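Working notes for the structure below.
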Amino acid sequence: MEKCYLMTAVVLLGLTVRWTVSLNSYSGAGKPPMFGDYEAQRHWQEITINLPIKQWYFNGSDNNLQYWGLDYPPLTAYHSLLCAYVAKFINPDWIALHTSRGYESQAHKLFMRATVLIADLLIYIPAVVLYCCCLKEISTKKKIANALCILLYPGLILIDYGHFQYNSVSLGFALWGVLGVSYDWDLLGSLAFCLAINYKQMELYHSLPFFCFLLGKCFKKGLKGKGFVLLIKLACTVVAAFILCWLPFFTEREQTLQVLRRLFPVDRGLFEDKVANIWCTFSVFLKIRDILPHHIQIMISLCFTFLSLLPTCIKLTLHPSPKGFKFTLVSCALSFFLFSFQVHEKSILLVSLPVCLVLREIPFMSTWFLLVSTFSMLPLLLKDELLMPSVVTVMAFFIACATSFSIFEKTSEEELQLKSFSISVRKYFPCFTFLPRIIRHLFLISVITMVLLTLMTVTLDPPQKLPDLFSVLVCFVSCLNFLFFLVYFNIIIMWDSKNGRNQKKIN
């Protein structure tokens with residue numbers, strides 16, 4: 001019973017932090033004509049409740065797509081419609097067609113914040129608690145500490161409750177999917193992940209690891225027997241889930257195509273704003289968007305993305321395991337973030353979720369990555385006046401991880417899961433014993449750089465000729481960190497089988 005009380009206390013603490021952050025400013029508050037993401041979410045409620053479903057994704061006199069037009073899959077639209085019904089019951093002015101544009105009031109702010117909290121409480125938080133409770137070979141206190149650290153991850157809290165979005169819904173569905181396929185509830189896991197993709201198309205970052213893991217399971221069972229039956233069941237589940245979500249948009253071919261055009265706006269360009277990926281960073285030295293034709297940019301990003309994630313996906317297909325699945329989720333999502341087309345800074349949350357899931361296995365590296373992921377969104381957070389909430393939540397998260405996992409004591413080759421790799425290298429370079437020391441020094445340099453850049457961004461004015469100097473530096477530093485992490489996670493995945501074979505010999 002005491003354990004239940006402790007887990008309840010952790011959940012309440014997570015909810016308290018979320019609600020406290022939500023009391024601050026939000027994206028675009030009082031900044032016409034476009035306002036910000038808060039207004040986008042409100043506007044989608046206005047559109048879905050006042051217009052017939054066939055007009056939701058089309059430009060028209062009542063639905064100007066240039067003003068926060070719907071650009072997420074049907075499940076997001078259905079969620080907006082559900083919220084709109086509640087809003088209409090409380091105060092119809094909140095979602096009145098045309099006249100509610102830019103609506104701001106304390107009561108409406110309270111309502112919108114409550115919708116995020118309720119979605120979190122119904123989908124994301126239960127998945128986190130169940131995931132931590134299902135962890136094996138650790139004490140109950142460690143499970144509770146793990147849940148605390150995941151729920152205190154500042155990146156998701158600041159974006160959903162400060163900037164204002166519903167990322168916890170898609171990430172929550174994805175986590176339910178991870179739970180399902182990891183514990184052999186494959187059909188339920190597949191269904192949950194289909195819901196995640198149909199809520200936010202960026203969940204495609206996680207799609208290849210899901211596909212490869214389940215395909216590997218089918219191969220393992222044998223494609224002439226149980227494996228083939230499982231493959232058919234999975235295919236039917238996925239098709240049925242997509243048909244149910246998209247059914248109202250399958251009535252006309254043009255309707256389906258228009259939704260797809262809204263979901264994948266390739267005309268917007270290689271990247272938007274200042275995002276810590278390869279293309280934005282490289283554009284500082286070479287203006288790719290101005291030099292290369294649009295279709296060439298798409299092909300280059302596609303090739304780089306595919307080549308960077310191919311080895312880990314092949315490995316997962318041939319050797320499916322829950323541990324390999326989680327690490328491949330990290331690697332593939334990070335490859336998509338670094339190399340794919342039309343990436344937003346908030347997309348780093350799609351990498352952060354699976355990193356949270358390996359927090360117990362590699363606490364030092366996971367904590368480091370999650371700090372960098374939050375730092376990479378600094379220009380956006382400062383734009384939304386979220387400096388103080390950012391500092392407080394980052395410090396709370398770091399203290400929770402440091403005390404719960406003693407992260408600074410877990411930097412040996414074995415605890416970094418680099419022992420197998422180091423042994424392989426030492427066959428050719430016997431003196432290769434300094435890797436943990438290098439990683440500790442890199443961590444120190446990374447943290448100092450992030451702190452200094454944050455202080456410079458907040459206190460200094462950039463040169464007039466370089467107004468985006470600090471934002472570009474944040475992206476550049478974050479991108480270097482992410483490239484290092486991509487190599488690190490790929491090493492863990494590719495050398496894992498050797499570790500497994502050695503362990504079998506010992507047994």
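We count from 1, first residue shown onward.
In case you wondered, yes, glycine gets a Cβ from its N, Cα and C as well.
Remote same-chain partners of the signal peptide (1-22), defined as residues 6 or more beyond its termini with a Cβ less than 8 Å from a stretch Cβ, comprise 113, 116-117, 120-121, 125, 129, 133, 140-141, 144, 147-148, 151-152, 157-158, 160-162, 386, 389, 393, 396. Annotation comment: TrEMBL describes 1-22 as signal peptide.
Nonlocal intrachain contacts for the transmembrane segment (110-132), taken as residues 6+ away from its ends with a CB within less than 8 angstroms of a stretch CB, comprise 7, 11, 14-15, 18-19, 22, 38, 41-42, 79, 83, 86-87, 90, 94, 143-144, 146-147, 150-151, 160-161, 164, 166, 168-169, 171-173, 175-176, 178-179, 357. Annotated transmembrane segment per TrEMBL: 110-132 (among others), in sequence order.
Summarising the annotation, TrEMBL assigns transmembrane segment to 144-161 (among others).
The feature transmembrane segment is assigned by TrEMBL to 173-197 (among others). Counting same-chain residues at least six beyond the ends of the transmembrane segment (173-197), those with a Cβ under 8 angstroms from any Cβ of the stretch are 73, 75, 123-124, 127-128, 130-131, 134, 203-204, 206-207, 210, 213-214, 217, 230, 233-234, 237-238, 241-242, 245, 322, 325-326, 329, 353-354, 357.
Under the heading transmembrane segment, TrEMBL lists 227-249 (among others). Panel annotation: around the transmembrane segment (227-249), residues 53-54, 57, 73-75, 186-187, 190-191, 194-195, 198, 214-215, 217-221, 255-256, 259 of the same chain, lying at least six beyond its termini, place a Cβ under 8 Å from a Cβ of the stretch.
Taken from TrEMBL, the feature transmembrane segment covers 298-318 (among others).
Residues annotated as transmembrane segment in TrEMBL: 348-371 (among others). Among residues of the same chain six or more beyond the transmembrane segment (348-371), those with a C-beta under 8 A of the stretch's C-beta atoms are 131, 135, 138, 142, 146, 149-150, 153-156, 159, 167, 171, 174-175, 178, 202-203, 205-206, 276, 323, 326-327, 329-330, 333-334, 336-337, 377, 394, 397-398, 401-402, 404-408, 410-411, 415-417, 439, 443, 446-447, 450, 481, 485, 488, 492.
Within the chain, the transmembrane segment (386-408) has long-range Cβ neighbours (under 8 A, six or more residues past its boundaries) at 17, 20-21, 24-25, 142, 145-146, 148-149, 152-154, 157-158, 162-163, 359-360, 363-364, 366-367, 370-371, 374, 378, 458. Under the heading transmembrane segment, TrEMBL lists 386-408 (among others).
Only residues 6 or more beyond the boundaries of the transmembrane segment (438-458), in the same chain, are considered here, and those with a CB under 8 A from a CB of the stretch are 364-365, 368, 371-372, 375, 378-379, 382, 387, 411, 416, 470-471, 473-474, 477, 481, 484. Under the heading transmembrane segment, TrEMBL lists 438-458 (among others).
The transmembrane segment annotation in TrEMBL covers 470-495 (among others).
Only residues 6 or more beyond the boundaries of the transmembrane segment (144-161), in the same chain, are considered here, and those with a CB under 8 A from a CB of the stretch are 3, 6-7, 10-11, 13-14, 17-19, 21-22, 113, 116-117, 120, 125, 128-129, 132, 135, 138, 167-168, 171, 346, 348-349, 352, 356, 359-360, 367, 370, 373-374, 377, 381, 386, 389-390, 393-394, 396-397, 400-401, 404-405. Cβ atoms under 8 Å from those of the transmembrane segment (470-495) belong to residues 274-278, 280-281, 284, 308, 311-312, 315-316, 324, 327-328, 330-331, 334-335, 337-338, 362, 365, 369, 372, 375-376, 378-379, 417-418, 420-421, 424, 442, 446, 449-450, 453, 456-457, 460, 462 of the same chain, restricted to positions at least 6 beyond its ends.
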